[in-house]
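> One structure coming up, written as structure tokens, with questions to follow.
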Amino acid sequence: MQTLSIQHGTLVTMDQYRRVLGDSWVHVQDGRIVALGVHAESVPPPADRVIDARGKVVLPGFINAHTHVNQILLRGGPSHGRQLYDWLFNVLYPGQKAMRPEDVAVAVRLYCAEAVRSGITTINDNADSAIYPGNIEAAMAVYGEVGVRVVYARMFFDRMDGRIQGYVDALKARSPQVELCSIMEETAVAKDRITALSDQYHGTAGGRISVWPAPAITPAVTVEGMRWAQAFARDRAVMWTLHMAESDHDERLHWMSPAEYMECYGLLDERLQVAHCVYFDRKDVRLLHRHNVKVASQVVSNAYLGSGVAPVPEMVERGMAVGIGTDDGNCNDSVNMIGDMKFMAHIHRAVHRDADVLTPEKILEMATIDGARSLGMDHEIGSIETGKRADLILLDLRHPQTTPHHHLAATIVFQAYGNEVDTVLIDGNVVMENRRLSFLPPERELAFLEEAQSRATAILQRANMVANPAWRSL
């Protein structure tokens with residue numbers, strides 16, 4: 001039995017009462033929160049280890065509700081100035097094909113280093129390069145070592161609507177030197193591979209790794225494939241996820257919105273999490289709410305690619321579970337939940353011309369308890385409550401940018417940079433303390449970053465991508 005106690009911190013619990021407890025303690029035993037209290041009212045039990053949190057804020061770990069991890073090695077140049085399908089076919093797919101398993105291992109470690117340093121403890125990795133041999137094994141090995149909580153949502157594509165081919169051909173003409181790649185699979189093959197993946201990895205790493213099926217988008221997956229994913233999630237008591245209405249092409253191809261299309265086939269349910277939802281109207285929001293569908297909003301990515309802004313306030317007003325996802329590392333160019341929270345608040349204030357449209361408290365909820373709800377994991381993570389997993393972060397607000405501070409939620413959302421995250425626990429294990437990562441010691445970090453840079457350059461060269469074009473002011 002291992003015990004750990006965090007003492008004399010300010011707890012932002014995110015429990016149902018949203019209690020904020022000053023000068024408080026949290027007691028952790030075997031990876032779970034077993035007790036908490038205020039020092040003036042109770043005495044913490046003895047512990048094997050005590051972390052002094054004086055001057056710090058203790059929060060549930062941030063939850064990255066939708067992301068693509070490997071793509072972090074494709075950032076830094078080739079993605080800029082491209083909209084979604086241009087980016088997909090001229091950068092993402094060729095770049096993924098040019099990656100080797102050793103590159104994937106480096107990408108996952110780099111991603112986790114940046115994520116943990118910004119307070120992210122859970123990631124929903126939509127793995128769209130899992131089709132390539134060795135990539136899954138490379139990723140899982142690093143995830144197990146690093147200690148993050150991971151949903152490995154294995155994506156699949158089992159059809160492509162022929163009407164989009166002319167559009168793709170035109171986009172390819174912009175980068176003719178880049179090879180056109182296909183990640184299509186036969187439906188039966190995708191089913192077998194995802195089933196085997198779940199059998200091997202779901203529940204491993206002390207329960208930190210989960211496996212979901214992830215049909216990519218409605219125009220690229222058969223109804224058979226989506227029905228199978230829905231049944232798989234139900235039978236194995238997991239969730240399933242897909243990208244929805246990230247562009248307006250989905251509606252053009254279906255002659256109705258993707259939400260309407262899925263409802264026609266009975267595919268909207270409480271185990272489904274949909275990402276993006278940019279091209280949504282009130283009917284689409286109503287359909288998702290009616291079926292208790294969960295949502296992940298990638299606000300920075302949608303802006304980066306010029307896609308638009310999802311109607312998040314309308315979803316929040318209905319009480320829907322909406323989490324925040326940083327999306328691909330190369331269509332956000334950072335893995336910083338605090339930065340994405342700030343952008344979420346600002347873009348909706350601007351679009352709605354309403355300075356109170358999403359409160360800082362709600363934004364913080366979206367990064368914690370609502371993110372957990374969007375993953376169907378709110379019974380285990382997302383708040384500081386007895387019985388839940390000890391995924392906790394300590395923020396030190398004694399920085400110039402967070403001084404002065406009075407309103408904690410507003411300070412975290414609008415003033416913080418991310419470097420205020422001092423200590424991170426996942427399952428009660430300390431994976432970062434004093435900003436030192438357990439899985440990337442300081443003496444190894446520079447050499448590792450140089451290796452990541454070298455591998456990224458080699459990937460772009462193999463894919464014939466131009467990463468540093470001529471200076472362009474217009």
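Quick reminder: no glycine exception, Cβ is built from N, Cα and C everywhere.
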> For the Fe cation site, Swiss-Prot lists His66, His68, His276; sort out which one of Asp15, Asp23, Asp327, Asp333 goes with them.
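Looking at Asp15, Asp23, Asp327, Asp333, the one Swiss-Prot places in the Fe cation site next to His66, His68, His276 is Asp327.
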> So which recorded sites are near His66 (Fe cation binding site), with CA atoms within 10 Å, out of Leu84, Asp328, Cys331?
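Asp328, listed in sequence order.
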> May I have the list of same-chain residues other than His66, His68, His276, Asp327 whose Cβ is within 8 Å of the Cβ centroid of the recorded Fe cation site, in sequence order?
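Everything else in range on the chain: Thr67, Asn126, His243, Ala275, Ala296, Gln298, Ser301, Gly325, Thr326, Asp328.
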> Asp328 (site 'Major determinant of melamine specificity'): which of the recorded positions His68, Leu84, His276 is the nearest Cα neighbour?
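When the Cα distances are compared, His68 comes out closest.
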> Based on DSSP, name the secondary structure state of Leu84 (site 'Major determinant of melamine specificity'): helix, strand or coil.
helix
> Neighbour count, 10 Å Cβ-Cβ cut-off, for His66 (Fe cation binding site): what number do you get?
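Neighbour count, Cβ to Cβ under the 10 Å cut-off: 30.
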> So if I draw a 10 Å sphere around the Cβ of Asp328 (site 'Major determinant of melamine specificity'), how many other Cβ atoms end up inside it?
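Result for Asp328 (site 'Major determinant of melamine specificity'): 28 neighbouring Cβ atoms inside 10 Å.
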